[in-house]
Amino acid sequence: MVKKLKIWHLVLALWIFLVLQRYELLFQSLQLFWLSAQLFFTDYDFISSHFNFQLVDSILALLIMIAIPIALLLPKPRKKLFDYRLNVSNGFIVFLLFCFLVPTLFTRQHPDFQQNIGEIKLLPPLSTKYQIELVSNDKSSDGSLRENFLAVKEKVILKEFDENKFFVRKYSWKDNRLTFTQGINKFSLPADSIKSIRSEAIFLGTDEFGRDIFSRLIFGARISVFIGFMSVIISLILGLTLGFIAATGNSILSAMLNRLTDLFLSFPSIFLVILILALFGNNLISVIIVLGFSGWMSLYKIVSGEVASIKRKDYFISSKKIGLSSTELLLKEVIPVIMIPVTVNLVFQFSNVILAESALSFLGLGAGNQYPSWGSMIEKGQEYINSAWWMIFIPGLVLVLTLLSIHNIAKELNKFFNPKIS
């Protein structure tokens, strides 16, 4: 039975789970999308002032959830993308891609939301906390389009801080008043000021600031996958272009590019990356560019070697004689032939970039403190390794599983394209 499971089964199961768990949120996101579209045509200045990444992210999550069942129902996309045997490696990668695409559906807590540090910090996995929500003093809505938009946006967008919510580990009722402690302070609130009290399980524990580790892992996956994907694209463009130029250009240019490549390959590229980021500063864009520019060498070797062989073939010589430009030769004659080794190399490169990004974040040279990162979580966890082992163990385990899964997929691709490999 397990051997018959396909990737699309897992995709469908995750989709159904998220729909059942977040159907109210998805409906609110649909309302937000409709109200935003109306305001775009009727009150552009207002909607543009509220336009941000979180708003776009919430709407995109809705569109992705609509697109998934459509892709599964269409036979051609399903056969090409999802109709492969499910195993641990590709199953984990599917879950990672879901975290990248729709993180706000997996967790409804902002990764930087601090939950009463004195009470909630360093809680172990599977702990329980209580969320006390106070009655809001907001004025009632007048039913206008603006007010409706703001009300729905308040429910959909994740917030870093909410003054109407308290998180405690225990509370009690006395004389119709709610009593709870925060650190060494004791508080008492009248019953009519309490909107709701609900218990919440802390699945993977909290860190030193009371932030939920599960939420930070989910959003950290988005950063790692995004940096890996963009860096691999840069490496692909550089490797393809320079490799083609070296193989088809004059001997002097080819020799210069080969010596430059050998120079970069003569020492670990991570040292060059650390030096550049330490000198010129680190942020999300700089990390992507530097990692992209440091990973093109292996792809260059593959492309230049393959093109050197292809350019002696009759079909390549004929295409060149009929007047195809260098760009047309690369796109029409070279890329289709070298697609297999390039694809395998890119998958391996993707795992290398994720590892490098985590290492840079561990050293404080990653995408910055404004983004959660697995490497920075591991770095913070080493300070609490004796009192809060989960802070370093869980992000480290996720990172190792990610690297192993990508590596196994790359090996499976290599065996699939090269059946003679044992």
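Positions of Cβ are set from backbone N, Cα and C atoms, glycine also.
TrEMBL does not curate its annotations; it predicts them automatically.
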So which range, 24-46, 346-368, gets flagged transmembrane segment in TrEMBL?
346-368
Counting a contact as 3 or more Cβ pairs under 8 Å, with residues at least 6 apart in sequence, do the transmembrane segment (260-278) and the transmembrane segment (51-74) touch?
no
Other than its close neighbours in sequence, what residues sit by the transmembrane segment (346-368), given a CB gap under 8 Å and a spacing of at least six beyond its ends?
223-225, 227-229, 231-232, 235-236, 270, 273-274, 277-278, 282-284, 287, 291, 294-295, 298-299, 374-376, 378-379, 399, 402-403, 406-407, 409-410, 413
Is the transmembrane segment (388-410) in contact with the transmembrane segment (86-106), using at least 3 Cβ pairs under 8 Å (sequence separation of 6 or more) as the test?
yes
